[in-house]
């Protein structure tokens, strides 16, 4: 499946996707186009370095023009990797069931307009939450809504700052997001006519049964292969 990615920032989640598909040599997915609403976005630099075609999304957004831009790239699956603009209805309709976002919190908590970047982690700490995490979901016409594909919790530690908490959450984003994109690209996970997610691994995570060691270590920065993380999920959540 030909994948397009929209990103607004530095592109670390985009890089995780690029690395995943390059390492896997996956026949089911290939990133063919990356666009940003910012011409100076680090995501565009990363894409160009990987030999991926790039473009700039017009602001204010024109939904029909963006659909045409994506169609010209041959995009079959659209992925939002830190893209901060609300997706126009025309794009949501054109890519229904083929439009995915990652959010650095456990939705529906700490989502919606204005909830992005460090603002999320500040809000988590201000509210005294003891757990946060990562959500990957299909996208609808609203901010941070749509059926959830997978979630992974990250405990909030007593000494956490927005920066330390955000770093641990981002580390999990880089692990979970590529696996979810690959699952949709391969057809293992689909959005059904009932607007519910159907398929298998990665499975939506139950906090009650989560093995906390995978996300509690503040200095856990070693990369984890897709096969290793997939094995962890399979062990924790057998079919």
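Glycine residues also receive a Cβ, built from the backbone N, Cα and C atoms like all the rest.
TrEMBL annotates 84, 85, 86, 87 as (6R)-10-formyltetrahydrofolate-binding residues; of 72, 101, the candidate listed for that same site is 101. In space, 103 is the closest of the recorded positions 11, 12, 13, 103 to residue 87 ((6R)-10-formyltetrahydrofolate binding site), judged by Cα positions. Each residue contributes its Cα atom, and for residue 11 (N(1)-(5-phospho-beta-D-ribosyl)glycinamide binding site) and residue 84 ((6R)-10-formyltetrahydrofolate binding site) those atoms are 12 Å apart. When the Cα of residue 85 ((6R)-10-formyltetrahydrofolate binding site) is compared against those of the recorded positions 12, 13, 103, 144, the shortest separation belongs to 144. Residue 85 ((6R)-10-formyltetrahydrofolate binding site) counts 16 other C-beta atoms within 10 Å of its own C-beta, drawing on all protein chains shown. Nearest in space to residue 101 ((6R)-10-formyltetrahydrofolate binding site), taking C-alpha to C-alpha distance over the recorded positions 12, 13, 144, is 144. Annotated N(1)-(5-phospho-beta-D-ribosyl)glycinamide site 11, 12, 13; additional same-chain residues within 8 Å of its Cβ mean position, judged by their own Cβ, are 7, 9, 10, 14, 15, 16, 42, 43, 46, 81, 82, 174.
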